[in-house]
Amino acid sequence: MAAQAPTEALKELQVGEAATTNGKEAPDGNAGRQRQRRLGGRGRCGPRCSPAVRVPLRRRRRRRRTRKKKKAPTAQSDPPRVLMSQLFPQKNYPVGEECEYLNENAYRTTDEEKRHLDNLNSDFLTDYREAAEIHRQVRQWAQKNIKPGQGLTEIAEGIEDGVRALTGHWGLEEGDALKGGMGFPTGLSINHCAAHYTPNLGNKMVLQQEDVMKVDFGVHVNGRIVDSAFTLAFEPKYDNLLTAVREATNAGVKEAGIDVRVGDIGGVIQEVMESYEVEIDGTTYPVKSIRNLNGHTIERWSIHGAKSVPIVKSNDTTKMEEGDVFAVETFGSTGNGYVRDDMEVSHYAKRGDSNVPLRLDSAKRLLNVINKNFGTLPFCRRYLDRLGQEKYLLGLNNLVSAGIVEAYPPLVDKKGSYTAQFEHTILIRPTVKEVISRGEDY
């Protein structure tokens, strides 16, 4: 129901309509309408109000629209694309599996001193734990999604895109891949091929139901590399082979520690590995340690350090030391237990100590690309293709011949055999050893 104006106020307003402006009478019938238009038309009380009744218009206060802040993601996407910095804004990355040393030498330092030494390595630990969490999240996705019928290129690129997305470094701008990303190319070695195989451009290989595939990839943050590997098989007949190698790796990890001789670790690994046998299609095979493959130390920016960890018993008296980072990896085989170079090369790495003059212009240009994008981190031909490099094979072979770049051919046992691999990165800290790459899967 519309409100009415008081009678006295109405009379005053009607008299006002006949008032003069500057002593002159306003034109009859027009002044009210013109004044009404100037004052904004009809009053707020609606069309039934008298034209002479004007109620001042109030400006509506505009409510400020506050944009709702997007909630930070709390879980990884599928495929993995959520940055680690979003999932862990305070950089409180999960700690790896911490294990007490079996043969702790109490005379070395007091517990307080060792804890102090651990605290000095905060950047070191943060980088390693971030890289390890990226590895866990990407491999978790890979284990769920890799299926027979997929091409090896699709599998490799899926893993590598996940790593790059989670580090936030896609490696397409000069120097970006040196800040974080792939620690080395994704190895997808099948059946009798034990290591160092990744598809080159145009590769048409497809994963088969009967295949046993080693998935070996590295993640680095600021040059600190986590190296970890697992084996996938889709037929239960290979279960004992995978169990033998996984348990051998765990035994090596358990034995590792400050002042432990690497030759002794090799003996423990071999004993566990070769206690297994596997029956495949009616034939029983002993599982053998591949005697010419080893674990190794990891240096900053370099996947292979100076020390090795054999996977068979040896007389090597080299000791693990505080501050070392080791990749403890084991390989088991139903074949000869010995590998040789074979097949097309895909893995390469620049040597850190090479300084040889080059004559070939293509080699000089390629070396410049390698220095600016990979440094001494391993790379593969697909990575050069991805950077837009073309017709580089002549220059690459020249760098290999000159000893500036090292080629890593695929390593194979005898045809018809099956090989498996499991690997962990461990930090030899002053107080404990930390199995940095440990996850719920292995």
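From the backbone N, Cα and C atoms, a Cβ is placed for every residue, glycine too.
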Listed in Swiss-Prot for the divalent metal cation 1 site shared with Asp216, Glu423, one of Asp227, Asp413: Asp227
Per Swiss-Prot, member of Glu255, Glu322, Glu329, Glu390 binding divalent metal cation 2 alongside Asp227, His296, Glu423: Glu329
Rounded Cα separation (Å) that holds between His296 (divalent metal cation 2 binding site) and Glu423 (divalent metal cation 1 binding site): 11
His304 (substrate binding site) to Glu329 (divalent metal cation 2 binding site) - Cα separation in whole Å: 13
Rounded to the nearest Å - Cα separation of Asp216 (divalent metal cation 1 binding site) and Glu329 (divalent metal cation 2 binding site): 10
Close in space, distant in sequence - Asp227 (divalent metal cation 1 binding site), Cβ under 8 Å, 6 or more apart: Gly183, Phe184, Asp216, Gly218, Ile298, Ile303, Ala327, Glu329, Glu423, Thr425, Ser437
Least buried by Cβ count (within 10 Å) of the binding-site residues His196, His304: His304
